[in-house]
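According to TrEMBL, the feature compositional bias 'Low complexity' maps to 773-783. Look at TrEMBL and you will find 784-794 tagged as compositional bias 'Basic and acidic residues'. Positions annotated as disulfide bond by TrEMBL: CYS484-CYS493. If you look up TrEMBL, you'll see 454-494 marked as domain 'EGF-like'. The region 'Disordered' annotation in TrEMBL covers 762-794. Marked as signal peptide by TrEMBL: 1-16. The feature transmembrane segment is assigned by TrEMBL to 505-527, 570-586, 615-637, 649-668, 674-694.
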Amino acid sequence: MFNIILIFALVYSSTANKDLLTGYDLAQQYSRIRIFEYDNYADVKFLKFNIQGPTTLANWSITISTEGTCTDYSSNIHFYLQHGAYPLVAPRNESYPPSYITYRHDLFKLVFNKSLTNPLIQLSNPAIGTWFAMIFVDHQTFTIKPKLTTGCNFYLSTWLDYQTLPSIYTLATNQPLQVAITYNQTSIYLSHHTMVGQSRLMFAAEWSSNDCEISIFARLNALPSTFRYDYVTVCTKTKCTMEIDEIFSLTSVYFLLTTNNYSCLINPQHDVVLLRTSGIRSNRFSSSMHSLSRVECLLSVNNRCLQPYPTRRIMFNYYYDFLYVPIYTTNRFNSGSTSSITLNNNDLSIYSYEFMIDDRNLGGTLHFDFESRVMSSLSANVNISVHGCLSKYQPHTYATCESAFKIHIDKNSIAMNSFPYPERGFWYLTLEYICTGSESECGNSSLSLMFQISSSQCTKQQCGAYGVCRILTSQQNVFSTCSCLAGYRGYGCTDDSHAYASKSLASVLFLTLSNCMFMPAIILAVYRRLYIEALVYFFNMFFSTFYHACDQDINKLCIFKYDGLQLSDFIGSYASFVITLITMAIIPRSTKVFLFMLGLLTCIAINSRDRFDHLQFIALISITFTFTVLTWIIVSLRYHHLRPSTKRFLLVIPGFLLALAGLVLFAFCETDENYWYTHSLWHILIASSILFFLPHNKRYTTGKTKAKEAPTNTFRYDRLVRKDQHHVNLPLMLRKTSEPSLQRIETCEPVLTCEPDIIRDDLPNQTVTTPIDNTSLSSSNTDSSKKSTDNLLH
């Protein structure tokens, strides 16, 4: 949720310049944004904030709420703020590719624990414009996370509020402005917005007296302070000046006039300030190539002309894929849109190339490629090179350049520098020729430099062999990032400190071949004519094998889409559990087939809903297990004997122990680091347990005639009947006569109206005894009754 709220406005009139000045209290809010553990930039959240006017203080209030099981969760929460660019950080000390510029301006960091529920970030005199926040939670390395719990979810709400400063005097060029520093007003802010063609500003102040030492601070695009400024001048006399050179157009410059000695303010210090500006200067420099040409100079440094060249951006078809091409004027000998210059000691120019970074650049990487070649022979004592500087807002020479943005190009060499997630604004690439040697030797030397300024997604190598470049969106902020493979980390997937590429082959072999443990269960099911069960186990084995073969960083094999393989694997796993439990139930086979289909459709439905919701899996297995146990209890109570038998229970117990060990391993021991072998062991344990669960499917014979195959889990009632017990208490068995001399005894399960054969396991060569309904026989004719009974057995 994103809101901008205007609370109130304060309006008053300035007596100094009679301009109407306004001050606003502004606020911006994001509500309940879920944040995730950091593994790479795909897991972070980017939030955009706008500071629309000059302010002395901005407050970011943060509220953290949790959901789920968070009692033992101790990871820290990271909150980064960066002006004009996405924050560039390495939370796990990941290394960057070589020659990457990682220094950032105006980057602020806050790390806190969830116990600190309402932290506050305060920035004094923040820069005007767009600020980006990046939020994530520390990754818990080597932590076992129970899969059967809901986990811990973090939600962040943040509120930015600030008040724009109303009491700012607006300076117009060449128009004097009267101001006064008094005991009640010890500081005065002034502002000026540069126009096109203004490259140099001169700020002049004339005080009514020199009783106070007045300091003048200046800063670009933000209010200055005594500890944050770009320029400073201390006025010890009644007159003082400040010069601001090399400034680009359409930027705001803010001035602060203040004093540290308040005792001198008994008498107000009146001042008249005047702002002068000048455009690009023109000087004449001799050159062997164009001695009469007029060269445009932005600045003269040590009698060397700093030549400004704008660039135009050529867009291509992909995000962040474009090229900056310099635009040369006819004053230059090599006119046109080339990126090649020839430097020598006779050319006193310093080349400065201006390019703009805006929203189209923020999520990519800026590249600077150089190739230098010596154009003439050099003696061993001469060393020529090119020094470059990358600077923001205004060009700088190598001597005044920030150390992180200095570029050095040797002779006959290739150099490349990259700037990830560049900061918004106008930037300058300044190049100057350096020759160390005698004047005569340097005068005969020259160097050709070809260079290119380009932008790309992720890295120029597209994340290399162990990464994939992705374009992502976070809260409507688009950016590119590398998703690293096989344990590689870092912005360009070049950090191999935790790589496991050597284990990749072992990982895929373990996870795929461990599924072969389903083969014994499939063979046993086919042998016992449990064809539906065998089909489900084969389905599970097949898709689990190819899912894990596809779910690899490298050495992968996908027979179709990854998502389809994953869904099929989950359905097969769920269905194997459900059908095994139903098979163990004591119910008719026809009922089992119906429940098989019901269970399979349920598995499809719940996995289509959310295949990672472990609670629904627990609920499904619990219902199925309860149903199976309930059939055992009902049959045992009905016939006053334990069913399944004690022998059968002793056979099932090892299967339960194997399945329980597999479930514990899966639920409580798996981590990202040990997944490849713990999950393989899970395959082996679960597949092995099925061998103990599959029921027997025996065949019985009576004399030379084979009785029909007894259904699965049909138990024998002879153990329920003592030798001296009459069979009249048992129900009649269904009789099916095919020939007058041959009758077959048809068996069925205990819940039906017929009963199975009464067979004793401990008696060899036994004869089947058929229950007789005595009410249908004549009690007076014993021989006739015996003959009738004998006829049933033949």
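From the backbone N, Cα and C atoms, a Cβ is placed for every residue, glycine too.
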Residue counts for the domain 'EGF-like' (454-494) under DSSP, helix then strand then coil, are 3 helix, 20 strand, 18 coil
For the transmembrane segment (570-586), could you work out the same-chain residues 6 or more beyond its ends whose Cβ comes under 8 Å from its Cβ atoms?
530, 532-533, 536-537, 539-544, 592, 595-596, 599-600, 602-604, 606-607, 611, 617, 620-621, 624-625, 627-628, 631-632, 635, 643-644, 652, 686, 690, 693-695, 712-713, 715, 749-751
Which residues does CYS484 (disulfide bond) neighbour through Cβ under 8 Å, counting only same-chain ones at least six apart?
ASN40, CYS463, TYR466, GLY467, GLY490, CYS493
Long-range Cβ neighbours of the transmembrane segment (674-694) (under 8 Å; 6 or more residues past either end)
503, 506-507, 510-511, 514-515, 517-518, 520-521, 524-525, 528, 530, 533, 537, 541, 544, 576, 580, 583-584, 651-656, 658-659, 661-662, 665-666
In the same chain, which residue numbers or ranges, 6 or more beyond the ends of the transmembrane segment (505-527), come under 8 angstroms Cβ to Cβ?
533-534, 537-538, 540-541, 544-546, 548-549, 551-552, 555-556, 676-677, 679-681, 683-684, 687-688, 690-691, 694
Give, as a single whole number between 0 and 100, the mean pLDDT over the domain 'EGF-like' (454-494).
90
Cβ atoms other than its own within 10 Å of the Cβ of CYS493 (disulfide bond), all chains, total 29
